[in-house]
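This report concerns only the one structure given below.
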Amino acid sequence: MESRVLLRATETVTGVPQLRRPIRAINRQFSTASSSFTAFAKPIGSIGEGGNLISGRQLRPLLLLDSLPEKREILKPVRAASAEGGDSAGETKVGFLGKYPWLVTGILLLMWYFLNVIFNILNKKIYNYFPYPYFVSVIHLFVGVVYCLVSWSVGLPKRAPVNSDILKVLIPVAVCHAIGHVTSNVSFAAVAVSFTHTIKALEPFFNASASQFLLGQPIPITLWLSLAPVVLGVAMASLTELSFNWLGFISAMISNISFTYRSIFSKKAMTDMDSTNVYAYISIIALFVCLPPAIIVEGPQLLKHGFNDAIAKVGMTKFISDLFWVGMFYHLYNQLATNTLERVAPLTHAVGNVLKRVFVIGFSIVIFGNKISTQTGIGTGIAIAGVALYSVIKAKIEEEKRQGKTA
């Protein structure tokens, strides 16, 4: 029909007499063509949105049908059904958790706190009858690696491919992670859990120092001032800590330095891989890093009397069960911390991390009945308050930078 209309338009320009055809014949022919189109044409969308198209051509007869008053009532049910069908096809059904994302975030935070507290308590209980932190650190990573391999085998999540370039950037991160993990456990085994976490509250101070003096990134004076209470509080707590010894103190400080370098290398090792796969690969590499020191430092003692003493105290079943579950709790709480970070703003995660440390210190004191002096308690409180202040200020600065880039 289009070719006929174009032909008539051409003839109209070249020969005006063509217009003398009877009006009734033209109307009859047009109405016949119109009815033939409407017989097979089905409405696809609204006209205003470019709908009612077949092979890219808009069906004009429907416009004429729509313009007739007696036809409008006929078209209303059809349009309503079409709109309902379009809505149902265009929108996916949202589940209960999808409707309430804040509920998912809250559950993740609670699980993160719960698993972290359980890990620290169970970890310290193991050290009370099995004081071999190098070996226990290997068990933490080994159980996590097995968990990752099983998850990959069932496709939850799907394993991301890795190549030599990715390994080059992940290996430094994994080495720092391994050193920080082992030294943290050495400190946990040597002193009270609450004291180790108080020392580890200095980690932001090391991060700021590394950023300022190693990376050349200027740190605002407000951040430095917020770190003063942290240093003061840790110093007060250390001077009167009843479980203080230099091995626990120095190990916790080395852990802070190691995790600081891990943060530096992590910034340089940004990849397109998701966080779950990244943490899995880091755990695998860290496991191989931790194995040699564990064999060299604690291997002979373990074979001589370490395993036998532990089994004699708690039994084989409990010993193996404790090692398995402490490894599971370690891996899961770290994974949940990463997943929570992806769902919330940096400020929320920073405050959550501070509150987590408060929970761990508080529960460890209650569970183990650790006696602390008044000065140690005040110093710990000042240090935690300083970390909270630092975290809030830093998160706000990062948010302002992010908004400035997007503006």
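Backbone N, Cα and C define each Cβ position, glycine as well.
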Scan 166-186, 313-333, 376-396 against Swiss-Prot and say which stretch is down as transmembrane segment.
376-396
If you compare the topological domain names in Swiss-Prot, are Lys99 and Ser364 on one side of the membrane?
yes
Which listed span Swiss-Prot calls transmembrane segment, if the choices are 213-233, 339-359
213-233
The transmembrane segment (102-122) touching the transmembrane segment (213-233) per 3+ Cβ pairs under 8 Å rule:
no
Would you list the DSSP helix, strand and coil counts for the residues of the topological domain 'Chloroplast intermembrane' (298-375)?
70 helix, 0 strand, 8 coil
Would you mind splitting the topological domain 'Lumenal' (397-407) into helix, strand and coil residue counts from DSSP?
10 helix, 0 strand, 1 coil
